Amino acid sequence: MARKRRLTGEAALNAAYGKSDHAPLLEAWGVDLPDDLLRLALTHRSFANENGHLPNNERLEFLGDAVLGLAVAEQLYRQFPERAESDISKMRSGVVNMYALADVARRLGMGDYILLGRGEMLTGGKDKHSILADSVESMLGAIYLHHGFEVARATVLRLFAEKITEAPTTGLTMDWKTVLLEKLSDMKLPLPTYEVRGEGPEHDKTFYATVTIEDLVTHGEGHTKKVAEHAAAKQAVQKLNERA
């Protein structure tokens, strides 16, 4: 008997997308989307590349990232009128970082719907922070294209309401050392090493921290060792995000 031929291209995409009932997902998001746009929002580059370099959801992610950032920034501006710009910026980081987005994605059950390549599936891609976070942004991009900014904004405020309310705490005290450890675990990289030195008189010391992860070296400074280490860890996370 001849072996069944593996589907590729649009046929593979339609077959994979058709395996799921997307009504529960759209209900969780509280919106409707046409199949072609929803299918694109759920198509990870690993699936697209394995099936003839199909279009993937990265352009929608780009759009959704902008929508999310503006919606959250405006809400923080209105909800916390007494806060300085520097505080609002940190608060926004606490709401829209990869781990916060991944948390929202898990709550919505996104992992069960993302179309992944075989390699990503085998390495637990449907529960990776980065993939889940990207899927939230691509969905927001799709919602914006189909419904406009007001619906997209309302969706953001509904899904992120708790995180926005908690932003004065989570955003201003973000544990960058923990975030870095989670990032390294996702990327299968070794643990970081920290070196800290202090300069200046005892009553007014400045601490300088260095984080090393293989060939990546980042630096931070502050008036305590903890602040310096967290500043260096934050720089490391940002550099790793650029590489991802």
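Even glycines carry a Cβ here, placed using N, Cα and C.
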According to Swiss-Prot, which candidate in GLU58, GLU61, GLU214, GLU221 joins ASP134, GLU137 at the Mg(2+) site: GLU61
Protein Cβ atoms within 10 Å of ASP134 (Mg(2+) binding site), excluding its own: 26
In the same chain, outside GLU61, ASP134, GLU137, whose C-beta lies within 8 angstroms of the Cβ mean position for the Mg(2+) site? ASN57, GLU58, LEU60, PHE62, GLY64, ASP65, ALA133, SER135, VAL136, SER138, GLY141
Give the three-state DSSP assignment (helix, strand or coil) for ASP65 (active site). helix
